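Swiss-Prot lists His96 with the feature active site, electrophile. Taken from Swiss-Prot, the feature active site, proton acceptor applies to Glu167. Swiss-Prot lists Asn9, Trp10, Lys11, Gly173, Ser213, Gly234, Gly235 with the feature substrate binding site, giving sequence analysis as the kind of evidence.
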Amino acid sequence: MRKNIVAGNWKMNKTLQEGIALAKELNEALANEKPNCDVIICTPFIHLASVTPLVDAAKIGVGAENCADKASGAYTGEVSAEMVASTGAKYVILGHSERRAYYGETVAILEEKVKLALANGLTPIFCIGEVLEEREANKQNEVVAAQMESVFSLSAEDFSKIILAYEPVWAIGTGKTASPEQAQEIHAFIRSIVADKYGKEIADNTSILYGGSCKPSNAKELFSNPDVDGGLIGGAALKVSDFKGIIDAFNA
C-alpha cells in the first residue's frame with residue numbers, strides 16, 4: 001500500500017548549528033503527535049551525522065539531497081551513497097531540477113545514482129518535471145516520460161522501493177503553483193506510465209509527491225487528489241510552523 005509522505009528539502013541552507021536547532025524544533029513539534037503521513041527531512045551532507053541521532057526515527061526519516069554516481073575513489077568533493085548510508089540516513093533526493101539544470105545531471109548519470117543508492121539501502125526520492133517553456137508547449141508528458149528512463153531500467157523489485165516526486169520547475173520558488181487539477185492530471189499520467197512498465201499493482205503502490213510552492217494554505221487541496229500522495233517541500237521546510245502546517249494537511 002502506498003504511503004502519504006511529506007519530505008522537506010533544505011537545499012543549501014542552514015549552518016550545522018542552525019540545522020541541528022531546526023531538527024530539534026521539528027522533533028519537539030511532533031513529540032506528542034502521530035502524523036498521518038511519513039515525515040522526512042533531507043539535509044545538506046554536513047548535517048546528516050548530527051541530525052539523524054537527534055530525531056525520533058519512528059516519526060522523522062532523514063535523507064541527503066544528492067549522492068555521487070560513483071561508488072568510491074578519486075572523485076574529489078563527491079559523497080557516495082555508502083557514505084550517506086553510514087550516517088544513518090535512509091533517503092536521498094535524486095534528479096532534482098536544480099541538479100539537472102545547474103550541474104548537468106543526465107538520464108545516464110541519474111540511472112547510476114539511483115542504482116548506487118538502492119545498493120546501499122537508501123530510498124531514492126526521484127524527481128521529474130518540466131520547465132515553463134515545455135509546459136506552455138504542452139510537452140510536459142513527453143518530458144516526464146523521458147526523465148523516467150533513469151528509473152525504468154530497474155527491476156520491478158527495485159523500482160517498488162523508490163518514491164517519485166513531480167516538480168513543475170516553473171513553480172519552484174516562484175510562488176506559482178500548479179492547480180490541483182494540473183497536479184492530478186500529470187500525477188495520473190506518471191502513474192499510468194509506471195503501470196505500463198511494471199503493472200498496475202506496483203503503480204498503485206508507488207508514492208508520487210508534488211513539489212512546487214506547496215504551503216500550508218494549499219497543501220490540503222493538493223493532497224486531496226487521488227494521485228497526489230504528499231509533497232516535496234522546499235522553502236516551507238525551513239520553518240517548523242509551515243512544515244508542520246503541511247504535515248497537518250493529512251490530519252484535517
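Glycine is no exception: its Cβ is also placed from the backbone N, Cα and C atoms.
For the recorded positions Lys11, His96, the largest tally of other C-beta atoms within 10 A is found at His96. Counting only residues at least six positions away in the same chain, the Cβ atoms of Cys42, Glu65, Ile93, His96, Gly211, Leu232, Ile233, Gly234, Ala237 sit under 8 Å from the Cβ of Asn9 (substrate binding site). The DSSP secondary structure for Gly235 (substrate binding site) is helix. Around the Cβ of Gly235 (substrate binding site), the number of neighbouring Cβ atoms within 10 Å comes to 19. In this structure, the C-alpha atom of Gly173 (substrate binding site) lies 11 angstrom from that of Glu167 (active site, proton acceptor). Of the listed binding-site residues, namely Gly173, Gly234, the sparsest Cβ surroundings within 10 Å are found at Gly173.
Cα to Cα, Ser213 (substrate binding site) and Glu167 (active site, proton acceptor) are separated by 9 Å.
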